[in-house]
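Structure first, then comments.
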């Protein structure tokens with residue numbers, strides 16, 4: 001696997017592409033026409049990061065409302081998503097921007113508490129929330145943009161957190177399923193692509209381990225400033241319940257709605273690519289374990305009905321088990337896989353822990369770093385975790401192809417950030433050459449994987465707009481369009497938006 005991490009990624013189609021870059025200093029040209037006929041290009045967003053209108057239109061509080069207001073110290077600039085990019089009021093402007101760019105599709109998420117303010121169907125449906133999403137969906141279709149709808153992008157109802165600890169309880173499976181069915185009933189005549197969960201890994205690890213940097217902010221006391229939690233058990237429990245809720249919801253959709261509505265349903269996962277720190281067997285094994293704990297945690301159940309062997313051996317009784325019926329239900333429970341890729345790491349082997357302070361962050365016995373022998377794996381972006389490594393994109397996509405039966409894939413997020421430099425004049429802030437270079441090289445890498453047989457059907461850039469970036473608040477900007485938070489969230493196209501418009505011309 002050292003060879004796979006360091007040599008194979010230069011093989012096949014990618015080698016001549018990289019040679020062109022090396023010789024000329026510029027990547028070869030690429031456009032929509034480089035990709036297969038019918039390939040979908042879009043941009044992506046999420047409700048809490050974009051909408052604002054936190055207390056408008058009958059919306060109930062989510063765990064992110066509670067988290068940002070009770071723990072502003074956990075957000076880099078002590079901000080929140082009360083207003084965010086104000087898409088609750090400016091959605092027509094956003095759709096106009098997309099139409100002008102020429103995108104095919106828009107991936108957005110529905111705020112659970114805008115539909116069911118109390119989290120459960122028994123608490124009543126909020127018709128104002130239904131109207132907002134109907135208006136957004138209809139506006140998209142009017143302008144020729146397909147809606148790709150995520151049902152859960154981390155903003156679970158605070159009412160269910162208070163009632164039974166949210167995703168730590170199996171009770172959430174039925175409440176989630178009823179919420180999803182409400183969406184199928186209300187929007188499924190027009191929505192043809194559903195995503196049950198966005199990045200379960202990020203929600204479960206950052207919310208229940210890793211110092212509790214995401215809502216609901218739980219972790220073991222020795223791992224961070226958390227009021228409660230167990231970093232060695234709760235991440236696995238929460239994600240187990242997400243997988244079960246996913247499987248139950250997919251069965252419901254396929255049995256009751258798919259034939260009539262003619263839609264597809266899947267789940268979005270995130271993974272880095274991992275390059276062995278050296279060619280030693282221990283480091284090659286560590287890179288594989290890192291993939292198991294980030295991607296296999298979900299792909300193995302979806303394909304094989306059980307967690308990866310490495311997880312079962314290392315996590316042992318802290319890892320929940322599927323019953324035989326659950327295993328059969330989850331196996332194959334998707335029409336497509338959404339895959340998010342941003343960055344890569346080196347992986348080195350770690351000795352077994354002492355068994356006292358168990359945590360997801362050490363269970364894989366892999367030391368993840370972006371620097372080897374003083375040299376970073378690639379240029380660093382604004383976020384401390386994001387190093388630019390386009391080759392890893394190809395490697396990850398081909399790894400899914402080769403290890404999980406070449407499923408239909410949509411790249412549901414890919415992007416890079418810059419610092420929010422408030423001293424820059426607007427015209428300077430719109431110059432984002434690094435982002436253009438990032439997208440250009442990552443699209444070349446993806447195209448190489450497609451030409452090597454990966455069944456990828458679409459690509460969504462993260463993100464359409466600058467937005468609330470979770471624990472980073474507004475200190476970084478991921479958008480291809482600039483949002484002026486000091487002037488009514490006015491939108492201005494960055495250079496990357498112009499680049500994409502040219503790229504997308506048919």
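Backbone N, Cα and C atoms are what each Cβ position is placed from, and that goes for glycine too.
Binding of beta-D-glucoside is attributed by Swiss-Prot to 49, 153, 198, 199, 413, 462, 469, 470, 478, and within the candidate set 342, 346 the record adds 342 to that site. Sitting within 8 Å of the Cβ centre of 49, 153, 198, 199, 342, 413, 462, 469, 470, 478, and not among those site residues for beta-D-glucoside, are the Cβ atoms of 44, 46, 340, 463. Ranking the binding-site residues 342, 462 by how many other Cβ atoms lie within 10 angstroms of each Cβ puts 462 at the bottom.
Spatially, by CA atoms, the recorded positions 199, 219, 226 include one closest to residue 462 (beta-D-glucoside binding site), and that is 199. Each residue contributes its Cα atom, and for residue 470 (beta-D-glucoside binding site) and residue 226 (disulfide bond) these two points are 17 Å apart.
The secondary structure of residue 470 (beta-D-glucoside binding site), as reduced to three states from DSSP, is helical. Cα-Cα distance from residue 198 (beta-D-glucoside binding site) to residue 219 (disulfide bond): 21 Å (rounded to the nearest whole number). Max Cα-Cα distance over the annotated beta-D-glucoside binders (49, 153, 198, 199, 342, 413, 462, 469, 470, 478) is 18 Å.
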